[in-house]
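Report on one structure; see the data block that follows.
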Amino acid sequence: TMAADEEYHREKWTRFGNEAERTEKDVIRNQHLLRNRVDKMALRRQSAHMNYLERLSQKAPDFTIPLRAHTVWEGMTVILSCSVRGCPPPKIQIHSCSSISSEQVQKSIHSKYYPFVFLPISLLLLHFYDITLLDLLFLLPLLGLQQQKEAQFDMSFPPTWVKEGSGLSLQCTFTSGLLPFQQDVLWFRDGIQLQQSSNVDIKTFDNKSIITMMAAYKEHEGVYSARLRTRDGTEEHMAFVYLKDGSAAVPGGPASPLAVEVSDVNKDYVFLTWQPPSADGGSPVEGYYVERCDLSQGEWVRCNVDIQKICHFPVFGLREGALHQFRVCAVNKAGVGRPSKATEPVLTADPLEHTRTMGITYGLGRTITITKDELEGQVKAPFPPTDVRACELSDTYVVLSWTEPEPRGREPLTFYVERSLAGKNSWELTSLDTVVNSPRYPVFDLVKDKQYCFRVRSINKYGVSDPSDPSPPISLGKPQAVPPPPHSVMAIRDTDTSVLLQWQEPKGKDDILGYYLYYSEAGKQEWKTVNNKPLNPTRFIVHGLKTWKEYVFRVKSVSRAGNSKYSDESHPILVKSAINVPSPPSAIALLLCTESEMVLGWRAPSSNGGSSVRGYYLDQKEKGMEIWREVNIKPAKEKQLKVSDLKTGHFYQFRVFAANAAGVGKPSDASEAFLCEKWTMPEPGCPYDLELREVRDDSLVLRWASPLYEGQSPVSGYMLEMSQGNQSDNWTILTAKPVSETHYKVTGLQTGHTYCFRVSAVNNAGVGRASLSSEPVTVQTQPGTKEIKIGVDDDGFIFLGYEAVEMNDDSEFIWSKNYTEPIDSQRTKAETTENRSVLTFKDPSEEDLGLYTVEMSDSPQLSSSYEFTAEGTSWTPVTRVLIFIGINYHFFSDILRHCGVRLWLQTESLSNSAELRLVFNDREISTSPRRKINFDKAKGLVEILFDQLSQEDEGSYTAQLRDGRAKNQCTLVFVTNTNKDTSFKWFKDGLEIKDLSYDQTTGIISLSISQVMEKDESRPSLCVRNYIHKLQLTQRSNIIVTHILTAALSAGPLRIESTAEGFKIYSSLRYYISFLKTSWYFKKIDQETRTKPGSSMQKVWMEILNPTENDKGEYMLEMFDGKETHKRLYELSAEDRAKVVKGLPDVVAIMEGKSLCLTCFIDGDPAPEIFWLRNDREILDQTQFTITKESKRTSITVNKVTTEDSGKYSIFVRNQYGSETVDVTLSVYKKGDKPPANAVEMG
């Protein structure tokens, strides 16, 4: 009954009130106990914290205001003052440079004790004093304690690029182990601290700290920084991490959106926002598809049928109490792009549930929960909702929001949504087919430019409420316009690989989320994306550019409505370092000293700051003095300077400043104290100005200047010494005898090792003082190093060309001869175009022979040399082929079978565009029935073949050759007449041969050799030519020889060598055999598919392609000289050839993140060379890949494989008898995926 229910509720509330009173008393008592404990703990922490602050505030003593030098009259009273600081307070001791009574000194010391203590000190004395501070920190070593040196940043991560979805690892190393208070190294992204999580792993140990992201996405792009605590505060290193777009889902498709965020979570509704991608795939982004995934089902479902053009969308109809994830895909005319990073799982639940319940704890951990529904009494049917309004407006939808009714009716609520055109009372049900569980509802089917009113009804199992009050008139919003583009894009030089980009915001900037940057090499229009996460500031340093390349830039504005148009392009900028002041000079040396003058020399600064050094300033001081005084007001142009007005017997120190267009740099370290005393020693002084040029992988050139002081006799040479390492004192002599020049090329160095050099001058009295050591140099060819190249210009002039890798506005090319001689302007002409310089020889001759060098005025390390040498009175063949087509000697003639004659000319190898013009007696000739003309451009061979000579063939033969700009010609006067006065002599190796016959009627002379023996081949390369051309004639003639030695007899034994595709069996010949018939025999080889026979002037060969085990056996070469057949044999054993025995499957599969090791066994004698290839390219990376090689076994380890490591891997082995390649396909699959069915699963 109603009375019974009321009695029950009254008793329930009475029990609740009594229990609540007891609970309140317990809470008050516990609060008092807890407060006492907290106060005691705070006092203990405060004491420990004060001790920690005291230790942290310890500071070594130093002078904030040091003592100054004074010059006074004798008998004057002098007051010297200085201030010191330190914590704990320093102890002060005063020392005089001469003994003095205590009555002569009065000390006044005042101190105030702060964390850093400043002590003003006043002394009344008659002499100069030194002050020494004894700090308690300095006494620690005496007590066996030592303050540890704190760690600082050593090597840190540079700007880094990582592909979307790949792992990211950044590492900082420190100068020493981290002290206890430094162990907590903090990592930040865009100023927000990163914490350990399932995707982020932070490790700090020994002297390094590493942060690793298992998967990096566009949201993770930004400035990463590592923060290290120090005693003085914190040190921080930061660099930008760029996220590159992942592979496109379809060709030409857009990149993935980013920053998908979920808000306004309800039982069946969430609201999504995101940011548009930077790369559109070549066509504008038309809109987006939103996808959701119920984690209990594991399937992605598209939420919208029509593409959503604006970067926000309401998702409705979700299952209550389930975990959901969301992602977004961009769409352009090519199709749907790559999806964004999925959101974190979101639980769909009533966000106001906690406001309708109250939990009260009582007794021993028991809790009673009371809901508002229980306080509603007997109300069952719900009240209508209130405050119906639009919470989100778009040009395609409206999201309605309302407040749930109170009371609710004790049962779960759902809602009906009704609408009507504004001003009319014709209500219709909007949510006819939809169950609305939460007070949010998106409406999509509204008509533009019309206003609607909405009302809502509450529903539970007891009934339907009355409708709510209508909402104010609501209409679709106006389409959101894309923002205007930025303007005034300007690029400014920064470093050799980066540029500072600045731009101005557009006027309508309220809705702008940030900016996307793009760059391209000037003139190419190949645009690339700089950043994939919108940047908020209007300036950014773009990294990863190529030095000495010109770039242009443009910018887009980013908003929820999409990206703006591109801004105007910036002006092209050449990537190179901005100008800074030069670094300090170094290595100050005393070059000459008289009674009152010194000549100082020094080493140029290691960096000129991007602008050539315009001069040097020198300061001096006497030893023991503190004040530096300027030596020169006008800058010294050279790296040496004479200092005058010095005092004999005094010691002086010097320091040097370098200056360029940006200003004066920092001073060098003070030199050692030099004694001003006239030099009289018999040995020479030290050489100076040591410079290193042309540093390559195993050599360099050392240059120096002769000493200014020669001693008692002129300098006769120089001794060179070398040490290995940065600061080694183990010097070894480079040359057994003194070097006469002031330059020397050091060879035989080890790549990657560091060396120092020094030079000593030698005269009749002995070896003088050594120069200061050169700067340490690592012997290694720098990337992009250029060399001098020789060529011939369009006018036929020889030139030397050099292209600079780096060049500033005031850079100049300096050409010299033999490193010291200036270039003769009468004989050469130097021209510079952009970053290339050309030295042209006007009339080359033997006077131009020598070593030519070039270097940059502001970067002498960029240097190269080229040497012209002579062979007798000719240019070298290397030079000759570039000046003109190299012709070996002159025309030659050979006697062929059946009295045929061959005139031939050998040149250098020619290109396919080479041209030949043969002139006979002032008229051009070509192939005819009586003669045949052959022109082999690749071999450089010109042949004229006569079947039989006649008087018509007598005359002058001229071969005119042209290949590009190179040309040459050769002439032969050819006659065939003999008479009765003609006499002949045959010679072999200089000895006359008597046994010959001569027929005056035919003009034929014959020499018969019954059998050609090995002893007859004493000069095999010229055997036939000697018999033909070594003729002693009383008048000019050429004789037809009827007998010719067989060329086949000069063929050597068969040998074998490996090639890129197999192996080659060959025989070396002593001279050309163009008419020698050769045949190869081996029964098991298909001659048409896997063999390639060939011949040259020195060899005849057969190449076997893709060799197999069946290729072993006997190979035979037959040579037919017209009468006899000559054979050469070779037995090929399978054990000799390099081959892979076993070990590699065809396909292997491994899960991403594991390490893969492939091992195989090889055989061959001699031991084969081993090469591992990836996608047909040799693997050189020793960080990602570890390769071990043994005599019969080799292996490769791929560390922590990723999907990018998938592909074809090969092992290639070879020796002189052949080669073999074995392939294996690697498939990397992700966790949860299945490996390919045909693959061998590893790991």
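The backbone N, Cα and C atoms fix where each Cβ goes, and this holds for glycine too.
Taken verbatim from TrEMBL:
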DOMAIN    141-241  domain 'Ig-like'
DOMAIN    256-351  domain 'Fibronectin type-III'
DOMAIN    384-479  domain 'Fibronectin type-III'
DOMAIN    485-578  domain 'Fibronectin type-III'
DOMAIN    584-678  domain 'Fibronectin type-III'
DOMAIN    686-784  domain 'Fibronectin type-III'
DOMAIN    1152-1227  domain 'Ig-like'
TRANSMEM  116-143  transmembrane segment
Counting Cβ pairs under 8 Å that are 6 or more apart in sequence, does the total for the domain 'Fibronectin type-III' (256-351) and the domain 'Fibronectin type-III' (485-578) reach three or more?
yes
Taking every residue in the domain 'Fibronectin type-III' (584-678), what is their average pLDDT?
90
Could you tell me how many residues in the domain 'Fibronectin type-III' (686-784) are helical, how many are strand and how many are coil under DSSP?
0 helix, 44 strand, 55 coil
Three-state composition of the domain 'Ig-like' (141-241), taking helix and strand from DSSP:
9 helix, 48 strand, 44 coil
Could you give me three numbers for the domain 'Fibronectin type-III' (256-351), the DSSP helix, strand and coil residue counts?
0 helix, 45 strand, 51 coil
Across the domain 'Ig-like' (1152-1227), what are the DSSP residue counts per state (helix, strand, coil)?
3 helix, 46 strand, 27 coil
